[in-house]
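In Swiss-Prot this protein carries:
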type     : residues : note
DOMAIN   : 283-403  : domain 'Nop'
REGION   : 423-516  : region 'Disordered'
COMPBIAS : 429-444  : compositional bias 'Low complexity'
COMPBIAS : 445-456  : compositional bias 'Acidic residues'
COMPBIAS : 462-482  : compositional bias 'Basic residues'
COMPBIAS : 483-494  : compositional bias 'Basic and acidic residues'
COMPBIAS : 495-516  : compositional bias 'Basic residues'
Amino acid sequence: MAYVLTETAAGYALLKAADKKIHKSSSLVEDLNTAEKVAEQFKIHRFEKFQSAANALEEANAIIEGKVSENLQKLLEDAKSDKKATLIVSEAKLGNAINKLGLNFQVVSDAASLDLQRAIKQFLPELLPGLDDSALKQMSLGLAHSMGRHKLKFSADKVDTMIIQAIALLDDLDKELNTYAMRCKEWYGWHFPELAKMITDSAAYARIILTMGVRSNASETDLSEILPEEVEEQVKAAAEVSMGTEITEDDLNNIKALAEQIVDFAAYREQLSNYLSSRMKAIAPNLTAMVGELVGARLIAHAGSLTSLAKAPASTVQILGAEKALFRALKTKHDTPKYGIIYHASLVGQASGKNKGRIARTLAAKAAVSLRYDCFDEERDESDDFGLENRAKVEGRLSQLEGRDMRTTSKVVREQPKVEITEARAYNADADSTAAAAAAAPTADSDDEESETEEVEEKKSKKDKKKDKKEKKDKKKDKKRKRDDDKEDKESSKKSKKDKKEKKEKKEKKAKKEKK
């Protein structure tokens, strides 16, 4: 007895084959080219209909993942008999899952079974009574759309895919623009080499080439729209005494074509940058307020989605982008990296070298909170007040570490100090003291301050001593490692020399024997 399990958009169909060895005969499968032959060979045994479109989507996803759903298990348990039967399925993963259930089926899933399934699905409406071709097509189309939406995980509110693609394209554009600009400067530099030293902006350089052409036209060309007045005068003066070679009209046309590409790329890059900035402010305004548009977009792109990044802890956000360095450090038992992509944030850049790690940790912690607010708060608007509030806290911490005011956020966002209203008290005349008594009284405040400074100095000295000890230990370890390596090299060289000597002696002995 042989059964064929066919999955449709309407439900599961279990077909009984007239020939139990049909999957082994390639000629029988090839003969199934008409509806009559298929109907003659297969009869409907059981049909498990899906309850709704959502149920159909669940069942389809279960088949793709190679899982047996409750409906399918129920269908197979009802169909099993005392004798062992053959069950032909289309998916190998599904076949393995059915085998694990321990039902009385010999599951088959090979190339011949795929051809059999193809023939059955071609004439499926003839095998299923009450289900016409148009209805089945409509169901299949609806299921395909549902599966597409499920796979894409599309959400109108959180379109972070746009950010991921935009930042990737922006990076590619930067690389292309740099390559084109370098090629253009080298090419036009043969004619006017002094221009590249005066004009560093690639887009402005390309626009000058398009406006001026050959350097002999510099004195007659108006470059006021491209350059400031002082730089324009320098360019015109340099053009008169330039050491470059002459170029033909054909050369100039090709250089101009490249310059046009650079100008177009620069304009599109600016447009794309503005688009990315607007998308970031719409999707993750608080993260943008904390780390900026580009760093925020790179973090989202590296994590894969805004949700994945929001679920990550602050420590992961801190070292995101430095995975290679992290695993290398863990492998070699060295210090792990302090920052990844977040290093390029403006707040980390403002910190001095010794405080960069601390600020990166603080910024990552506040950025993680802002991310969760952006991602999971259902009633939030597109304002960045929460992010600005957190940024003010990070700036306060930075000012504390650096020892100077480094706050840049507006005073409105900063936390206002609480004003406590106390009861009015009568003047206490007994608390008055004379100058002599004041001079005689010990200065407790100054003593406290001195003790505090001494404690701080002691802590610093202890830290410095620990650091020195650690450095000495590391140096000793490195020296020992070098000694061991040198020793191994010497031993290996001695061994190789010894082996060569033995081989030479053997050859000489062999040669002597042959002579004798």
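Positions of Cβ are set from backbone N, Cα and C atoms, glycine also.
Taking the domain 'Nop' (283-403) as a whole, pLDDT averages 90 in the prediction. According to DSSP, the compositional bias 'Basic residues' (462-482) comprises 21 helix, 0 strand, 0 coil. For the compositional bias 'Basic residues' (495-516), the number of residues in each DSSP class (helix H, G, I; strand E, B; coil) is 21 helix, 0 strand, 1 coil. In the domain 'Nop' (283-403), the DSSP tally of helix, strand and coil residues is 92 helix, 0 strand, 29 coil.
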